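Novice: Take this structure, written in structure tokens, and hold onto it; I'll ask about it next.
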Amino acid sequence: MRWLWPLAVSLAVVLAVGPSEVSGAATLSLGGHRAKVQEQQSRPRRGTKDEGPKEVQHYVPEEWAEYPKPIHPAGLQPTKPLVATSPNPDKDGATSESGQELRTNLTGTPSQRLQIQNPLYPVTESSYSAYAVMLLALVVFAVGIVGNLSVMCIVWHSYYLKSAWNSILASLALWDFLVLFFCLPIVIFNEITKQRLLGDVSCRAVPFMEVSSLGVTTFSLCALGIDRFHVATSTLPKVRPIERCQSILAKLAVIWVGSMMLAVPELLLWQLAQEPTPTMGTVDSCIMKPSADLPESLYSLVMTYQNARMWWYFGCYFCLPILFTVTCQLVTWRVRGPPGRKPECRAGRHEQCESQLNSTVVGLTVVYAFCTLPENICNIVVAYLSTELTRQTLDLLGLINQFSTFFKGAITPVLLLCICRPLGQAFLDCCCCCCCEECGGASDSSATVSADSKLKAEVSSSIYFHKPRESPPLLPLGTPC
């Protein structure tokens, strides 16, 4: 009966402790991890009674974190109202008694913290320049888009204007249209907001398109100058045979492919750079810096192009078309003699058309030189005096550089419509048809028919359309394209 004594002692202890502890002891004896967690949670916290002064050592995950201190750019504004992140702001020193506003927590993704700067509103000192740039850009954009579209549509839809000469002018208008439509909004948006649309892609594509447009203009002027020289020195009759569509496309392909091949280094030269500023946050800018990931041979070629870019730009895209045009005009004047003298094989209307075409080439060259001269001057100044100029001056020179290209694309079609009589007459007829479509009558229709017949007579006798009125029997019949 000795084994009954330990059992009796155990029962007495259990009765003295209580039934709640019995259930806890039974669960603990089963060895469950869940019982241990519940027992730890049911225990009173350490220091609740005897360790009251150690309460400041408690770790609360929701407390305000002072370090690392977030960056507060001056131009940024929080997207949400100021809310205290600490559960007890009075302990953190951000009480209402101090009179200071609560600081916001700027931790998060950059897209949530950064905002696009809008200098247009509220109106400040920089708003006037932003409005001036936008107004100038809108005028250039509207004039250039309407003018270039008009030239392309007139050449495309008119049977009497489909020639190699007018096709070159239409391709010139197409490239100017692309530059104005795609590059102008990106440049103006970057100038106003200091943020770059499409990022690194636009930094490479915009210079490529602008240089390609300059190349198309350069080679087009050279081709037109060669054509004038060929006409002046040719012994063929004044009326030339029809030029097939394949020949026209081949000439345009040479101009386009050559221009884009010369502009390929621009894709490897430019890249996007982001600079933090104390007033405007992060500012996007495009810099000439080849990527270090390029192969060694290609990297050396791009660096060589960067070092020689200024003089290559000046020689190929400025001096070449001007020298070509001046030389061809001097040779043409030398062959034809003084203006009062008329060659035996050319007289009357044909001589007038020849002088008109020469005036067109000279006018295009003068406009091109006038628009590209500021760009070349800015390139030379930046290349030799960039270390002595401020950042604002460099930005202004870059803006002038861009706008000179946009001015060229907007003025060129206006000049073509004013100098070239067939293009200008077709544009006026199109405008009159659009404006007076509902008020037409018998007299108006007869006037329109007479105007059309007059235009056809003028154009068919000019060099713009190579098909003669009475073609030789050996020439194939059909349209030029």
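Heads up, the Cβ atoms here are built off N, Cα and C, so glycines get one too.
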Novice: Pick out which of Cys203, Cys222, Cys353, Cys371 Swiss-Prot lists as the disulfide partner of Cys286.
Specialist: Cys203
Novice: Taking Tyr121 first and then Ser359, would you say Swiss-Prot puts both of them on the same side of the membrane?
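Specialist: No, opposite sides.
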Novice: Please give the average pLDDT for the topological domain 'Extracellular' (189-205) in this predicted model.
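Specialist: The predicted confidence over the topological domain 'Extracellular' (189-205), as a mean pLDDT, is 88.
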Novice: Under 8 Å Cβ-Cβ from Cys203 (disulfide bond), six or more apart in the same chain: what's there?
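Specialist: Spatial neighbours, sequence-distant, of Cys203 (disulfide bond): Arg196, Trp270, Gln271, Leu272, Cys286.
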